[in-house]
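*Asks:* Checked TrEMBL, it gives:
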BINDING   99, 101, 105, 144  Fe(2+) binding site
BINDING   99, 101, 105, 144  Ni(2+) binding site
């Protein structure tokens with residue numbers, strides 16, 4: 001009785017509030033004491049997550065169902081590591097610029113690991129560590145950034161509805177319809193029912 005059921009996703013995806021340190025972006029940046037966040041809390045910000053079988057992604061029925069139900073017709077792979085990405089250090093720094101997209105960002109980690117940072121309703125950074133087998137969807141209009149962790153390696157499947165558009169809009173881009181929709185759907189509908197000013 002009273003047994004806590006473990007969320008299997010947390011073996012491959014973990015989220016925590018970040019400290020304010022200016023140290024290397026590839027470090028975990030935990031607060032002291034550490035302040036973890038459940039994946040259900042992350043979903044309240046529009047960030048969806050799954051645990052999938054990365055060793056069998058070509059034949060995985062669960063992945064196939066997700067792609068069909070969400071209309072993810074396009075798929076490719078992106079490998080971020082010094083050996084595969086020209087101008088690696090420069091690219092890693094550019095991925096870490098805070099930005100948004102006008103479409104969902106879907107990443108399925110099939111090898112390695114990396115950090116996807118998102119803003120909460122009060123503008124605090126949440127670090128989402130995605131490891132092999134973890135898949136996340138960042139909603140259109142959410143401000144976020146990406147970095148590899150200290151292992152300097154991730155191989156991710158990128159999914160998209162139709163032809164991919166990877167254009168990043170660096171902050172501030174609050175005038176975009178995707179940003180306004182994100183605020184209406186996930187920020188202004190907070191627990192207290194009152195609107196939050198997140199236009200900063």
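Cβ atoms here come from the backbone N, Cα and C positions, even for glycine.
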*Asks:* When you measure from the Cβ of residue 144 (Fe(2+) binding site), how many other Cβ atoms are you left with inside 10 Å?
*Replies:* 21
*Asks:* So if I measure Cβ to Cβ from residue 105 (Fe(2+) binding site) and keep only same-chain residues at least 6 apart in sequence, which ones fall under 8 Å?
*Replies:* 137, 138, 144
*Asks:* With an 8 Å cut-off on Cβ distance to the 99, 101, 105, 144 Cβ center, who else from the chain surrounds the Fe(2+) site?
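*Replies:* Surrounding the site, in chain order, are 100, 138, 142, 143, 145, 168.
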*Asks:* With an 8 Å cut-off on Cβ-Cβ distance and a minimum sequence separation of at least 6, pull the same-chain contacts of residue 101 (Fe(2+) binding site), or say none.
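*Replies:* Spatial neighbours, sequence-distant, of residue 101 (Fe(2+) binding site): 138, 140, 141, 165, 166, 167, 168, 169, 178.
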*Asks:* I'd like the number of other C-beta atoms within 10 A of the C-beta of residue 99 (Fe(2+) binding site), please.
*Replies:* 19
